[in-house]
Amino acid sequence: MKTKFCTGGEAEPSPLGLLLSCGGSAAPTPGVGQQRDAAGELESKQLGGRSQPLALPPPPPPPLPLPPPPSPPLADEQPEPRTRRRAYLWCKEFLPGAWRGLREDQFHISVIRGGLSNMLFQCSLPDSIASVGDEPRKVLLRLYGAILKMRSCNKEGSEQAQNENEFQGAEAMVLESVMFAILAERSLGPKLYGIFPQGRLEQFIPSRRLDTEELCLPDISAEIAEKMATFHGMKMPFNKEPKWLFGTMEKYLNQVLRLKFSREARVQQLHKFLSYNLPLELENLRSLLQYTRSPVVFCHNDCQEGNILLLEGQENSEKQKLMLIDFEYSSYNYRGFDIGNHFCEWMYDYTYEKYPFFRANIQKYPTRKQQLHFISSYLTTFQNDFESLSSEEQSATKEDMLLEVNRFALASHFLWGLWSIVQAKISSIEFGYMEYAQARFDAYFDQKRKLGV
């Protein structure tokens, strides 16, 4: 979700739906970008994404800027002509009714800002064109970004490794497309109107994303808990083994240990991270979580404010005013990670407009009272007999879950700390990745101290 913007690729629209090409022209090709470091200097970047374990969706990058309809379309910002042409053909070929006879000069498209793993556009019919049936007048076009073009962190990676990463990225997109279609059919996500190798057409939902400070509002927090519990209760046709979490951390750690920076400031920052003895920390974390009871459920894996929509017109409703989006990183995983990761996101504001483009406040981590409020709402939805338990049994269940999610919050910090170090090498986005990694590791060690582990 937050790896980078990329420009369109070469391939023309394909009507073959789920046929996913792994070739270089099948995915949007990133444009070469530069990133400004803390001193204001520009450093050229090799673009690329994150490599993932086979047969599992890719990991969720933490919430730097965000996806579907976060920001309104920019009326004065148009895509490049090639992207506009391809968008027109996709809409004309995949959408019914008035779209079928639409001329290209009648086609309206505008950029939606906020997507960093993908490019997002609003495509619409002009007011002068009448609807034929119940076809949508506006749709969201998502062009896949980094996930399809995963690359090793170092240029000296073997061709075999590069091909494997590319295959894994393509495989992840197939899985995500299947997942999106299933959730759409179950009315748990936006409707799916079209799918093709380079992206998809989705329902455009009038809404806005939540702000970080809204996560702590009691009614918002309770509904997020209920939505997450419903998500966790789903049966999905994916690998049920919880390999994603530690498989991803191991892969990131191996990449971090091979990283080389040319700038002295980056070299010193990397040395500081390596001084933490990250391999030993990972093994200690693995040992701790092995003895932490946490059911394996179908997890969102990126339930932060940018992936939660507040539906337009539902702002004053008591319930059913939120929708979870961006399922591309979902997988079977430990429940404690999904909830602990959500709690960690209370601390980070990614809307700050100056370097390093985020603000961290460790004091924003939910209090015991706020955690219990979330957990109570979660258990009421997730566990059918929870409300029939005695007060003592309910209290014991909630205490166990408090320990579970706060231990797994350590994994959230560790995962995104490693991820951000890797992004400092490969991302073209202007963001303080090394500073963000430091913030996550600072929070990791603070959480360890509080837990006494």
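Each Cβ is built from the backbone N, Cα and C atoms, and glycine gets one as well.
Its Cβ taken as reference, PHE204 (ATP binding site) is surrounded by 22 other Cβ atoms within 10 Å in the chains shown. What Swiss-Prot records for 113-119, ARG142, 203-209, GLN304, ASP326 is ATP binding site, and it gives similarity to another entry as the kind of evidence.
The phosphocholine binding site annotation in Swiss-Prot covers GLY115, LEU116, SER117.
Look at Swiss-Prot and you will find 55-73 tagged as compositional bias 'Pro residues'.
Here Swiss-Prot flags SER71 (among others) as phosphoserine.
The annotation N6-acetyllysine is assigned in Swiss-Prot to LYS243 on the grounds of similarity to another entry. DSSP assigns LYS243 (N6-acetyllysine) to coil, not to a helix or a strand.
In the three-state DSSP reading, SER275 (phosphoserine) counts as coil. Spatially close to SER275 (phosphoserine) yet at least six residues away along the chain is no residue at all, judged by Cβ distances under 8 angstroms. Residues or ranges marked as phosphoserine by Swiss-Prot: SER275 (among others).
Look at Swiss-Prot and you will find 22-81 tagged as region 'Disordered'.
Spacing of MET119 (ATP binding site) relative to LYS243 (N6-acetyllysine) is 29 Å (Cα to Cα, whole number). Spacing of GLN304 (ATP binding site) relative to LYS243 (N6-acetyllysine) is 22 Å (Cα to Cα, whole number). Here the Cβ of GLN304 (ATP binding site) has 25 other Cβ atoms within 10 Å, regardless of which shown protein chain they belong to.
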